[in-house]
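Undergrad: Below is the structure I would like to discuss, written out as structure tokens.
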Amino acid sequence: MSREEDAATLTEAIDEHLAIRSLEEVSELVDPRISPLDRPDDTQLDEGYVRQLGDLIHHHEHPHAHDEKQSVNEEPLYIEFEKGDKRDPVNFTHAQKWAITLAACFFTLLVASGSASFASGFPSITRDLNCTEFQATVALSMFSLGFGILPLVSASFSEEFGRRPLYLGSAIGYACMHLMAALSQNIQTVIVARFLGGAFGSTGSTMVGGTIADIWMPHERGLPMAVFSVAAFTGVGLGPIMSGWIESNPHLEWRWIQWIHLIMSGVFIVIAFVFMKETRSSVLLMRAARKLRKRTGNHRYRARVEDERASLKTLVYISCTRPIYLLLTEPVVTSFTLWVGFAWGILFVLIESVAPVFRSLHGFSDGPTGTVFVTLLIGCILGILTNTVQERLYQKYVGTRGPEARLFAACGAAVLFPTGMFIFAWSTFSNVPWIVLCIGMTIFIWALFVIYVAVFTYLADCYGPFASSALAGQSLVRNLAAMAFPLFCQQMFARLTYHWGNSIFGFIAVAMIPIPFVLFFKGPAIRARSKFASQVMQKQPKT
């Protein structure tokens, strides 16, 4: 290309209010496993995936795949948003950011409620479908299995195709699965509906953290992440409260638990269409790059994300392996995942064991048993108050400690976590007032809330554009634990009693106390050795 032609196309690019960067200057990050040799050629940039799939099946090579004439002068020109560009999601207005955040958090609330409310309908579902309580427990657990598996693919694909299409598609699928469950005539259909409902609903957890990271700067994320965590925990509490009273009404019971969730899912679909905007900047840049190439005819222009997206082969490899790769190779992700995964498994043990404990020890019926889950709301309120203090500490120390300033409250929660478990374990006697059990539950939820917020904010700060993949890896372990723990806990309690069964969990929690302390003091050194987190450390501006 001549200098005159290059200048002309550059002028057109400037008219688009886009900055032109070299590879060394571009701030948009891609998977560090991508090398210059993996870049898509000019044909692949605007070629459909169906065509590429056909070429792979028939072993056709692209005509430019081995073109040795490409020189340094033909290096790609990467486009980025200029500072302050209103199209950049981080520059959305405050009102737009909160509309997107609250809409996404409503989906989180809905999904969390759906995951926990099913357990309250066990008495009527076992009677209506002539199934055992263990089969109903399998249906409860299948939601968590689907919730954990799908994000391994969907989280990375949201980073390539955009957040909005996944929110809309997931919401529609989630609503359909509640319809399927409500109309089921056997437990096998319910199990399938629960699994697929969890898969579609997983967007309401793993992708919300990524959405918040897309539009809020690190020093602004504390409150939005707290709202997200409130939605997750209040949903887990509100679901059983609501469904406990529905189950106690002989005219409603378990099917109406599903119908009400279906109605609320329809409400969210409308909200998503109206308020959800695309928040993935790399996707918006990719669309702009395509327009620029089409108008100028110059294929040197591209968005940085196209280096890992335009080639179908590279896209499948990156999207399907990144969450597991981060989980297995990143100590920060691994340690926090084990911690929050164990805590989340215990939460679902609590959800399933509350009914038998309060019914057998204190004679509670379905409605009052569901009301016990108000402890989750109280724990969330204490968590919000703690998060307010945490945010002040973060603002004060982020300049010197970086993302590790997110972990002050987490260190305290590490001690509170086993404390609440031991109180609950040794209050499971009929002569101990039921309120003591509720106190233990409240302390446990308080600690879990703080841990949950710390995991999402810390991983978002550490991994930036890769946050959804990092959160998908921890979501897998967290939800596998939520699936597995309820399946064996009743047998364990029958053999060891509630006292010693819960005490074993408490001792494991004690062994995990050092995790946030190690990251608090050694986090920067650990991140500096990470392929992913080190990129974010170098590229992201300090707050």
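In case you wondered, yes, glycine gets a Cβ from its N, Cα and C as well.
A TrEMBL annotation is a machine prediction, not a hand-curated record.
Values in this document were obtained by computation on a predicted structure and should not be read as measured data.
Heads up, here are the entries from TrEMBL:
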DOMAIN    100-527  domain 'Major facilitator superfamily (MFS) profile'
TRANSMEM  98-122  transmembrane segment
TRANSMEM  134-153  transmembrane segment
TRANSMEM  165-185  transmembrane segment
TRANSMEM  191-213  transmembrane segment
TRANSMEM  225-246  transmembrane segment
TRANSMEM  258-276  transmembrane segment
TRANSMEM  332-355  transmembrane segment
TRANSMEM  367-386  transmembrane segment
TRANSMEM  407-426  transmembrane segment
TRANSMEM  432-459  transmembrane segment
TRANSMEM  480-498  transmembrane segment
TRANSMEM  504-521  transmembrane segment
Undergrad: Give the one range among 98-122, 407-426, 432-459, 504-521 whose Cβ atoms make the most pairs under 8 Å with those of the transmembrane segment (367-386).
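TA: Most Cβ pairs under 8 Å with the transmembrane segment (367-386) come from 432-459.
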Undergrad: So, do the transmembrane segment (432-459) and the transmembrane segment (225-246) meet, by the test of 3 or more Cβ pairs under 8 Å (sequence gap 6 or more)?
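TA: Between the transmembrane segment (432-459) and the transmembrane segment (225-246), contact is present.
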Undergrad: Tell me, roughly as an integer, the mean pLDDT over the domain 'Major facilitator superfamily (MFS) profile' (100-527).
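TA: Its mean pLDDT is 84.
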Undergrad: Sequence-remote contacts (6 or more beyond its ends) of the transmembrane segment (332-355), Cβ cut-off under 8 Å?
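TA: Hits for the transmembrane segment (332-355): 116, 119-120, 122, 137, 140, 144, 236, 240, 326, 369, 372-373, 417, 421, 424, 441, 444-445, 447-448, 451-452, 454-455, 458-459, 462-463, 470, 473-474, 477-482, 484-486, 489-490, 493, 498, 505, 508-509, 512, 515-516, 518-519, 523, 526-527, 530, 533.
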Undergrad: Considering pairs 6 or more residues apart, do the transmembrane segment (225-246) and the transmembrane segment (98-122) have at least three CB pairs under 8 Å?
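TA: They do touch: at least three Cβ pairs between the two stretches lie under 8 Å.
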Undergrad: Are there residues at least 6 beyond the ends of the transmembrane segment (98-122) whose Cβ is under 8 Å from a Cβ of it, and what are they?
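TA: Apart from its flanks, the transmembrane segment (98-122) reaches 92, 133, 136-137, 139-140, 143-144, 147, 167, 170-171, 174, 178, 194, 197-198, 201-205, 207-208, 211-212, 215-216, 224, 227-228, 230-240, 242-244, 246-247, 253-254, 257, 261, 264-265, 268, 271-272, 275-277, 279, 348, 351-352, 355, 366, 369-370, 482.
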Undergrad: Counting only CB pairs under 8 A, let me know which of 134-153, 258-276, 480-498, 504-521 has the most with the transmembrane segment (407-426).
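TA: So the stretch in question is 504-521.
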